[in-house]
Amino acid sequence: MCGIIGIVGREPVADRLVDGLKRMEYRGYDSAGICTLSGGQLVRRRAEGKLANLTREVAEHPAPGEVGIAHTRWATHGAPTEQNAHPHATGEVALVHNGIIENFKPLRDELLALGRKFESETDTEVVVQMLSRHIEEGKSPAEAVRTVLPRLRGAFALAIAFRQDPDMLIGARLGSPLVVGYGEGETYLGSDALALAPLTQDISYLEEGDWVIITREGATIFDVDGNEVERAVTKSGASAAAIEKGNYRHFMQKEIFEQPTVVAQTLRSYVRQLERTVALPQIDFDITSINRVTIVACGTSFYAGMVAKYWFEMFARVPVDIDVASEFRYRDPVLEPGGLALFISQSGETADTLAALRHCKEAGQTIAVVVNVPTSSMAREADLLLPTHAGPEIGVASTKAFTCQLAVLAALAAHFAVKKGRLSKDEERAIVDHLLEAPACLNAALDHDDDIAQMAHLIAPARDVLYLGRGPDYPLAMEGALKLKEISYIHAEGYASGEMKHGPIALIDDHVPVVVLAPSGPLFEKTVSNMQEVRARGGKIVLISDAEGIAEAGEGCMATIEMPKVHPLIAPLVYAVPVQLLAYHVACAKGTDVDQPRNLAKSVTVE
Ligand code: M6R
């Protein structure tokens, strides 16, 4: 949600700021803006909509200067207009913000009563006005920041420029991520290491409540109590090349096709191929004492968690609770001693998931995270870090992160079961063998890309689409529906196939395509019976199954999508591919913005 960057440089910064925003556009694309310091003035350029508009604006009206800040916005308070675009500024202070200032109303009233004038509808502008007031009263930038920060409630990462001090910037974070980057005679601020990838690999991750003064010489960091502190400098390893589309039309398409490689890459950290055993990172707690697992996540990561619930219960016989983070944190969940709280997140920064993690930590749970960004807040706050190795995921619709999450979760469930004495050596070997088959099976699933592209026109005109699945294919049905709605804007729902006749079947007519996920296996016949109930009522079926399943039940379907025959354990990974491709090709057929669908952002760092 919003990306920010700041540069105290030795050369003009405008182009580099815009370039940095390009690498963060996935965080929000409602508007963008920059502000540089030049000739004793704050020079601001802003534009509504995609970054291309700002690029044009900066080309037409250059912003000179070697120090500046920039922002790409996902709107929270105030419409996505130029007036509400960051940076927000007075004559003295300009500021970019990622997060939400929850107490902005009383602060705004207080400032209005003092006669200050606002020009936007945003929560952010109160911070600029408060800082400006203190600067006008004669405080230094550092004193002004030190006075204002304790008054802000909510979440923020800030980068602030001061007219009176053109050779430095101040950054601050609470609840939203912010990193400091160290270059050759230059220093940077960024929402993440990726934003700074071409500028530097030397990064410090600010901790909650930290604020920082950056100059060309480096950074001086203060903690929440105002004490000067050191934060370790680490090599980020982020690569700007990883966020190129290559020969693909969209990032989403590239990321779908990367799955065989990144799942194999991820599995390498979780299985020992020669010994055919699962292998987890060093665990500093007694896993056998875990008596309950609580899984919390959002969106696609939540559906990965739902699949994992089946595995944990089936292999390890441990009870699993699962909830979406936004509900979990406010329902006062029962968290008994001996519980493992497992958080799943691509970004590791999703605000609700992070808040739930902190809640569970306070409640004495052991914290495990499955996360794709190893330097994220969740990764840093976990007792057990289980990284996925999917590489940067840029398309807003999550694809490769999902299949990598499933790979890690399957290995974790098996490890749990081994430690609890619930799996024999042979059973463990069989699980490892099946997991190692996954990359090849993903490749075989991708071979059907053309067939799926051919049939997308059958779905593209629909107003509603239903997805059905049973067992671990039920969460996958919901994932398929989520993919379709977020990038094609077609209303879609995923149901447990046996639940259809308890209500949703009333929706069936010949305008509602029903996508049925039914790999042949123990649940096939049950799912097919539910499918026949739909067909008997005129429903148009798209059956996704293997050759055997299609031979048995494909007749009379509007379309079939053939998958390789796979073991039920890896079916959720393999069947993710056709639902991703179907959504992708339908979106292409409709001409929507696949990588940056309307109203969404990749990393949801506000509640
Ligand atoms: O970064 P996270 O995995 O925590 O993000 C969770 C959701 O915001 C995310 O999965 C979202 O639902 C995707 N856009 C789905 O494609």
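Just so you know, glycine gets a Cβ as well, placed from its N, Cα and C.
Record features, source TrEMBL:
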- Cys2: active site, nucleophile (ACT_SITE)
- Lys602: active site, for Fru-6P isomerization activity (ACT_SITE)
- 2-217: domain 'Glutamine amidotransferase type-2' (DOMAIN)
- 283-422: domain 'SIS' (DOMAIN)
- 455-597: domain 'SIS' (DOMAIN)
Pairwise Cα distance for Cys2 (active site, nucleophile)/Lys602 (active site, for Fru-6P isomerization activity) [Å, integer]: 9
The domain 'SIS' (283-422): DSSP-derived helix, strand, coil residue counts: 62 helix, 28 strand, 50 coil
The residue listed as 'active site, for Fru-6P isomerization activity': secondary structure state under DSSP, collapsed to three categories: coil
Segment-level pLDDT (mean, integer) for the domain 'SIS' (455-597): 94
Spatial neighbours, same chain, of the residue listed as 'active site, for Fru-6P isomerization activity' - Cβ under 8 Å, 6+ residues apart: Tyr26, Arg27, Ser347, Glu393, Ile394, Val396
DSSP-derived helix, strand and coil totals, residue by residue, for the domain 'SIS' (455-597): 70 helix, 29 strand, 44 coil
Around the Cβ of Cys2 (active site, nucleophile), the count of other Cβ atoms that are within 10 Å: 27
